[in-house]
Amino acid sequence: MLPTSVSRSLYLKTFRSHLLRAPQIVLKRMSSSIDISKINSWNKEFQSDLTHQLATTVLKNYNADDALLNKTRLQKQDNRVFNTVVSTDSTPVTNQKSSGRCWLFAATNQLRLNVLSELNLKEFELSQAYLFFYDKLEKANYFLDQIVSSADQDIDSRLVQYLLAAPTEDGGQYSMFLNLVKKYGLIPKDLYGDLPYSTTASRKWNSLLTTKLREFAETLRTALKERSADDSIIVTLREQMQREIFRLMSLFMDIPPVQPNEQFTWEYVDKDKKIHTIKSTPLEFASKYAKLDPSTPVSLINDPRHPYGKLIKIDRLGNVLGGDAVIYLNVDNETLSKLVVKRLQNNKAVFFGSHTPKFMDKTTGVMDIELWNYPAIGYNLRQQKASRIRYHESLMTHAMLITGCHVDETSKLPLRYRVENSWGKDSGKDGLYVMTQKYFEEYCFQIVVDINELPKELASKFTSGKEEPIVLPIWDPMGALAK
C-alpha cells in the first residue's frame, strides 16, 4: 500500500534517491576488472592451441596484410573484363596527393569525360584547384554563419564543439560540388593548376586557417552575447573576417585568373593534332563543354538504419550560403546496382561514396571483403552494415568514379565494377580498381545519377514537395565524406 498524507513526501524523496543510486549500483555489479590470475590461464590456453601458435609466429614476423592476403581469392577477383563501360577513356590518371579533395576529383573526372568527347581530346583535366580555392573561401564563411546561428547554444554543446573541431576540412559532398559550379563554373587545369604546398598538401594551410576561424568564432559569440551588438555590428565583423580569410588564402594560393562571368582564352590540340582556341567564361564552360545541368543530379544512399524510400537530410552540412542542402534518397542495394548499370548503359560514369580503404588492396587494385583471410587467425567479423554505421565502424570516407561493370546475364546485376580512383597511376593498376558486388553492397553508401534515370516513383520523392526528410545531425556517418 502506498503511504498517505504526511509520509508521502518523505516516501517520494526516498524513492527518487533510490532511483538515482540504482544505475550506479547496477553498473558496479556489472563491472569487471582484469584478473591477473586469468591472464596466465588464458595464455596457457592459447599457447596449447597449434593454430594460435602458427598465427602468432607469422604475425610477429610479417606484415599482417601481406601474410593474410588470400592470393587465391585475389587472383579470382582480379578480373578486368567488363561488358558495360563508358566509351571515353578517362586520361590522364589524376592524383589528389596529400589532400582530402577526393569528391572534387571524382566529380570533375566524371565531367571531363564530356569534355574529352566534345572536344576530341586525348587527355584533359578540369581544374580541381579552382574549385578548391572557392570551396575554402565559402566554407570559412559558412562556418562563421553556423557560429552565429548556434550562438544560443553552450560552448560545450556537441554542435558547437563539432563545428569548432574542423571548420574548413578538405572533404565535401556532391551537392556541395554543385553549389560551387553553379556559382563559379569550371575551367581547364591548364589555366589554374595545383601548388605543391597548399592544394596538394593542405595540412599546414588548414591548420592556420582553422586557428584564425576559431578566434573569429569567439569574437562573434562574445559580440552576440552583448546586448549592444545589433545586426549591423555582426555584419561588419563578418565582412572584416571575410577580408582577412581571403588575405590568408592569397598567401597560400594564387587568386584564380578569371571571374565566373569573365571570358578566358584556352588553346588546345585535339587527337588529330589540330590546334583550336576556345573563348568562354567558367560558367559557360561548365554548361557548354562539361555538359553539366546542376538541376539534374540527385544522390541516393544505402543506409539500412533507416526506412527505404525516405529522403534523408544532413542538418547544417554545406559550403555555400544559400546553396542546396545535402539530401539523399535511401534505397536498397539492388536499386543502387540497377541504377549504376542503367547509367553506364547511357554512357555516363557514376560518382560514388564508400568506406575506403576498408578491404582494399592498393597494390593490385582489388576491393573485396574476403580478400584477407582473417578467420584463419580466429578473427571473425559479425556486425551487419547497419550496426557498423551505428557503432562508428563504418562511414562514408572517400569518393571515386565507376566507369564500367560486368553484368551477369541471368540476374542482370553487376558481378564487379571498374573504379577510377584519384591516387595516381601507382595506386591499383594504373589508377584503376576492381570492386566486387559484395564490396559494393557492404561498403558503398552513395551514388549520384540524373533524376531522369530514376523510376517515376523514386523521382517524385525529390520533386513532389510532399516528402518530409529524416534529418540527421551534421556529425552523422552519412555526412562524413565532407570531413
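The backbone N, Cα and C atoms fix where each Cβ goes, glycine too.
The active site feature in Swiss-Prot is assigned to CYS102 (among others). For CYS102 (active site), the same-chain residues lying six or more positions away in sequence with a CB closer than 8 A to its CB are GLN96, GLY171, HIS398, ALA399, MET400, SER422.
In the three-state DSSP scheme, HIS398 (active site) falls into the strand class. Look at Swiss-Prot and you will find HIS398 (among others) tagged as active site.
As annotated by Swiss-Prot, active site applies to ASN421 (among others), with the evidence given as similarity to another entry. Annotation for ASN421 (active site): spatial neighbours MET400, SER427, GLY428, GLY431, LEU432, TYR433, criterion Cβ-Cβ under 8 Å with sequence separation of six or more.
Sequence annotations record features per position, and here Swiss-Prot assigns transit peptide to 1-30.
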Students should find that the Cβ of HIS398 (active site) has, within 10 Å, a number of other Cβ atoms equal to 23
